[in-house]
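Novice: I have a structure I would like to understand better, so I am pasting it below and will then ask my questions one at a time.
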């Protein structure tokens with residue numbers, strides 16, 4: 001579904017559906033909208049649009065449009081009109097968005113998703129969006145939006161991103177014929193002037209981001225018997241083949257030979273399934289640059305090992321590779337954008353299964369860093385494979401390391417399902433992640449990494465144990481990982497256990513894998529590059 005930037009005088013203003021937006025009037029007197037407030041209430045309803053659809057200005061259907069959040073109105077045009085129908089989506093009241101800086105951008109994303117789903121249901125092949133509408137939205141939100149000063153065309157980016165994400169479905173394993181309407185073939189951005197490079201880049205970023213998120217969602221939604229570690233490795237190799245990345249895949253023996261004893265303790269229950277994925281994006285002329293290294297947890301199924309989970313906790317454990325999926329989704333987006341920053345992705349993949357050779361609670365293993373680890377709970381496996389990946393990352397002399405994982409249920413208890421946690425001692429990195437993530441709708445909230453929490457990980461028989469007390473469990477996991485990172489390397493740990501999976505669908509995502517984290521990782525790369 002390509003995005004076309006269509007100049008004002010182009011005959012391609014003709015479209016199956018014109019998308020407009022509506023603010024909710026403050027006084028609720030809807031009959032007044034046909035007077036002077038017409039253009040103010042309906043961003044995008046410009047003189048040019050009325051030239052193409054003169055019937056709209058006096059159409060009684062406008063009276064039916066309340067402007068309430070995400071409430072939609074469809075107005076059908078007369079026979080022969082170049083604009084065959086108009087889809088109007090409500091944004092709520094202006095003052096609500098002004099009072100909450102993150103609400104307005106989220107409304108734009110959700111309104112875009114609602115508009116495209118409505119167009120799909122109406123079997124529209126083409127959808128037109130007047131850029132004047134987006135400029136109005138930018139003006140009324142930009143003063144409070146953190147990215148507004150950084151990116152011209154940010155509102156356009158949010159809208160297109162929402163449009164793409166709202167169309168996502170996962171039907172790979174359904175056998176009945178899909179009778180749902182097809183997606184629109186084209187989104188046309190109807191411009192007042194020739195497109196600027198900034199708008200073109202905004203559209204490209206939105207499309208690339210949404211493709212990366214959809215890619216990650218597909219991986220997370222994949223059944224564990226179809227998406228074992230070998231399938232994750234195949235996905236990485238396919239990305240490398242398509243975009244020119246370097247890809248190396250280590251098997252269980254390779255990892256054992258390297259000394260990854262912590263990672264090996266996780267895959268001992270099924271060593272045939274283990275893979276350690278190394279993806280590298282090295283643009284020409286940047287081979288000597290210090291890379292950004294992203295480490296993603298890739299446990300494609302987590303039974304808990306011998307510390308077996310309760311049966312009612314296993315159904316969604318295919319989601320335990322969402323961190324690895326986010327890193328692959330990042331590379332999918334990087335392939336589209338062709339950025340000039342050197343990026344490395346490390347994804348340790350395994351199944352955590354019980355077996356006669358599986359790790360026992362009480363075992364002691366030697367990690368790649370040389371630290372010995374007492375394993376008291378085999379269901380705290382994510383930190384074990386991540387710690388060896390973090391140690392492996394040191395060989396790149398990285399500019400920064402970011403790990404992302406569905407690591408702890410304790411994080412969900414602390415922050416719920418809507419917010420992820422960021423742990424770092426680097427104040428600048430924490431500020432960037434918090435600011436960017438809140439702005440783009442993937443909120444990360446800072447958590448402490450105080451030394452007192454590390455005391456709980458002292459072992460009587462090894463250098464460190466893999467669990468502490470139940471209280472503060474997410475922090476103990478982060479303190480464990482901190483032991484495997486050089487203090488002078490900027491590092492952040494992102495725990496996405498809550499928002500990686502949606503038990504209930506939203507305007508932007510159906511039930512299932514969300515692709516959470518892809519957009520934040522990409523924004524970090526873009527910020528680092530600039």
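Glycine is no exception: its Cβ is also placed from the backbone N, Cα and C atoms.
So TrEMBL lists these for the protein:
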type	residues	note
BINDING	297, 302, 320, 381	Mn(2+) 2 binding site
BINDING	302, 379, 381	Mn(2+) 1 binding site
ACT_SITE	309	active site
DOMAIN	377-384	domain 'Cytosol aminopeptidase'
ACT_SITE	383	active site
Novice: Near the domain 'Cytosol aminopeptidase' (377-384), which same-chain residues lie under 8 Å Cβ to Cβ, leaving out any that are not at least 6 residues past its ends?
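Specialist: Distant contacts of the domain 'Cytosol aminopeptidase' (377-384): 262-263, 265-266, 297, 299, 302, 304-309, 320, 350, 352, 358-361, 365, 405-408, 466-467, 477, 480-481.
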Novice: Counting across all protein chains shown, how many other Cβ atoms sit within 10 Å of the Cβ of residue 379 (Mn(2+) 1 binding site)?
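Specialist: Its Cβ shell of radius 10 Å holds 19 other Cβ atoms.
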Novice: Which residue, out of the recorded positions 297, 383, shows the minimum number of other Cβ atoms inside 10 Å of its Cβ in this structure?
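Specialist: Lowest Cβ count within 10 Å among the recorded positions (297, 383) is 383.
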Novice: What does DSSP give as the helix, strand and coil breakdown of the domain 'Cytosol aminopeptidase' (377-384)?
Specialist: 3 helix, 0 strand, 5 coil
Novice: List the recorded positions among 297, 302, 309, 320 whose C-alpha is within 10 Å of the C-alpha of residue 383 (active site), in sequence order, or say none.
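Specialist: Of 297, 302, 309, 320, within range: 297.
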Novice: Whole-number Å distance between the CA of residue 320 (Mn(2+) 2 binding site) and the CA of residue 379 (Mn(2+) 1 binding site)?
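Specialist: Rounded to the nearest whole number, the Cα-Cα distance is 12 Å.
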Novice: Who sits close to residue 309 (active site): which same-chain residues at least 6 apart have their Cβ under 8 Å from its Cβ?
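Specialist: Within the chain, residue 309 (active site) has Cβ neighbours under 8 Å at 302, 303, 317, 379.
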Novice: Taking the Cβ of residue 320 (Mn(2+) 2 binding site) as the centre, how many other Cβ atoms fall within a 10 Å radius?
Specialist: 28
Novice: Note the Cβ centroid of 297, 302, 320, 381, the recorded Mn(2+) 2 site, then list each other residue of that chain whose Cβ lies within 8 Å of it, in sequence.
Specialist: 266, 299, 317, 321, 350, 352, 382, 385, 405, 406
Novice: What three-state secondary structure does DSSP assign to residue 320 (Mn(2+) 2 binding site)?
Specialist: helix
Novice: Cβ within 8 Å of the Mn(2+) 1 site's Cβ centroid: which residues qualify beyond 302, 379, 381?
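Specialist: Counting only non-site residues, the set is 266, 299, 303, 304, 305, 307, 309, 320, 352, 378, 380, 382.
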Novice: Please state whether DSSP places residue 309 (active site) in a helix, a strand or coil.
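Specialist: DSSP call for residue 309 (active site): coil, neither helix nor strand.
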Novice: If you skip the near sequence neighbours and keep only those at least six away, which residues in the chain come within under 8 angstroms of residue 381 (Mn(2+) 2 binding site), Cβ to Cβ?
Specialist: 265, 266, 299, 302, 305, 350, 352
Novice: Across all chains shown, how many C-beta atoms besides its own are within 10 angstroms of the C-beta of residue 302 (Mn(2+) 2 binding site)?
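Specialist: The Cβ of residue 302 (Mn(2+) 2 binding site) has 27 Cβ neighbours within 10 Å.
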Novice: Which three-state DSSP class does residue 302 (Mn(2+) 2 binding site) fall into?
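Specialist: Its secondary structure by DSSP: strand.
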Novice: Quick check: in three-state DSSP terms, what is residue 297 (Mn(2+) 2 binding site)?
Specialist: coil
